[in-house]
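First comes the structure, then the notes that go with it.
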Amino acid sequence: MKSIGMIGGGAWGTAIGKILAEKGHQVQIWAYEQELVDSINTRQENNLYLPGVSLPANLTADRDIRAVAQDKDFVIFSTPSLYLLPAVRQIVTVPNIAEGHTPLGVLTKGFVHTQRGPRLILETMEDYLPGFYKGNLVYISGPSHAEEVARGKLTGLISASQNPKNSIRFRELLNSETLMVFSSLDVIGVQISAAVKNVVAIAFGIMDAMKEFSGTVGDNTESLLLAAGLNEIQTIARAMGSTHPETFTSIAGVGDLDVTCRSIHGRNRRFGREIVLKHILEPFSSIDDLLSNLQELGYLPEGAVAVANVKELAERLNLKLPISSGVFRILNKENTPMDEARGILASLTGARLDFHVDFP
Ligand SMILES: NC(=O)C1=CN([C@@H]2O[C@H](COP(=O)(O)OP(=O)(O)OC[C@H]3O[C@@H](n4cnc5c(N)ncnc54)[C@H](OP(=O)(O)O)[C@@H]3O)[C@@H](O)[C@H]2O)C=CC1
Ligand SMILES: O=C(CO)COP(=O)(O)O
């Protein structure tokens with residue numbers, strides 16, 4: 001039996017915490033909201049982010065982040081990208097972390113925006129953590145909606161680390177009857193795939209909403225977008241130093257892209273659909289305004305956070321990324337979803353497109 005601290009009580013941290021608790025480990029989740037702590041500890045349910053899933057009694061929650069990280073055999077970060085660094089900063093001086101005794105894993109998908117611009121999650125964490133952690137952090141990703149993992153749907157994940165021993169440690173920790181975990185050394189490729197697929201899924205959601213009202217956009221068109229999205233992920237990942245081309249054909253690459261674009265659980269897809277069907281960008285004047293008021297959406301599409309970082313990286317690395325650029329312009333109110341969708345499809349096909357969609 002191991003003791004495990006989960007830093008983040010959203011849907012994903014809770015689902016993975018449940019898997020670990022069901023394997024007999026003692027799991028403590030750091031949750032930001034007191035209501036959530038009470039719900040997990042007294043009703044064995046995450047009422048805010050994973051309602052309807054009954055949690056084991058050996059999974060508990062606490063608001064004290066340092067207590068959750070203290071004296072644990074493993075600590076796993078599961079906050080959204082925006083809250084990751086503040087969480088890391090709070091636990092660096094916890095003795096077992098300060099001394100490098102506790103292996104650290106990360107479930108967050110996205111980039112961290114620093115004064116030096118957008119950076120990958122693990123490299124940023126390494127800057128704040130004691131030197132023992134350099135090259136030893138583990139990044140866990142793959143096609144895995146929490147709603148399904150928590151209900152025992154068969155799922156595959158990738159555990160990536162520069163240190164193969166550590167990726168195997170997390171693989172063995174997480175492997176269960178329904179969760180199959182595979183190792184990878186390509187920490188850059190896996191992190192970029194996880195972050196950028198969320199941006200592609202926003203474009204996919206926009207296209208998906210248009211499909212319902214258009215004679216031009218169909219399932220085939222969506223697959224065109226998906227394939228181009230994978231290409232865009234590869235382009236940026238290679239430029240950033242991805243080491244293994246097979247990452248993109250693995251569950252961390254095309255697998256996660258597919259589920260994020262197509263699943264009804266997908267929040268990035270939902271965000272894209274609601275841009276078209278519910279005009280949810282109307283209250284926001286720009287992407288900065290949106291990001292400052294993200295809580296108004298009521299759910300967190302990581303792709304909205306990631307796209308500004310992707311734009312900056314594309315400019316720095318001189319990359320042409322038509323899907324990400326189009327999503328950025330939509331969120332920044334520089335262009336309409338309709339014009340951008342036409343532009344993206346035209347750039348992918350080389351065709352001259354003048355279709356119009358009449359929304360209800
Ligand atoms: N949901 C999924 O299926 C999957 C999600 N992921 C990734 O996991 C990460 C977490 O997502 P998910 O669990 O879905 O998140 P949710 O949207 O379910 O939960 C939101 C989380 O944000 C926390 N939060 C809100 N405001 C703050 C704040 N000011 N400071 C600190 N924390 C705050 C909440 O805290 P509190 O703990 O108090 O509720 C909660 O943990 C994301 O990067 C996501 O892309 C990866 C794979 C699957
Ligand atoms: O990363 C995920 C699935 O693997 C979750 O995607 P969404 O945030 O779009 O729901």
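Using N, Cα and C of the backbone, Cβ positions are placed for all residues, glycine too.
Values in this document were obtained by computation on a predicted structure and should not be read as measured data.
In the record from TrEMBL, residues Lys109, Gly142, Ser144, Lys197, Arg267, Asn268 bind sn-glycerol 3-phosphate; the candidate from Asp208, Asp256 listed for the same site is Asp256. Record check: TrEMBL places Gly8, Gly9, Gly10, Ala11, Trp12, Gly13, Arg267 at the NAD(+) site, and the matching candidate among Ala146, Ala150 is Ala146. Sitting within 8 Å of the Cβ centre of Lys109, Arg267, Asn268, and not among those site residues for substrate, are the Cβ atoms of Asn198, Ala201, Thr260, Gly266, Phe271, Leu300, Pro301, Glu302, Gly303. Only Asp256, Asn268 of the binding-site residues listed as Gly9, Lys197, Asp256, Asn268 bring a Cβ under 6 Å of any atom of ligand 2; the order follows the sequence.
In terms of C-alpha distance, the listed binding-site residues Tyr49, Lys109, Ser144, Asp256, Leu300 place Leu300 closest to Arg267 (NAD(+) binding site). Neighbour counts of Cβ atoms within 10 Å were compared across the binding-site residues Lys109, Lys197, Arg267; the minimum falls on Arg267.
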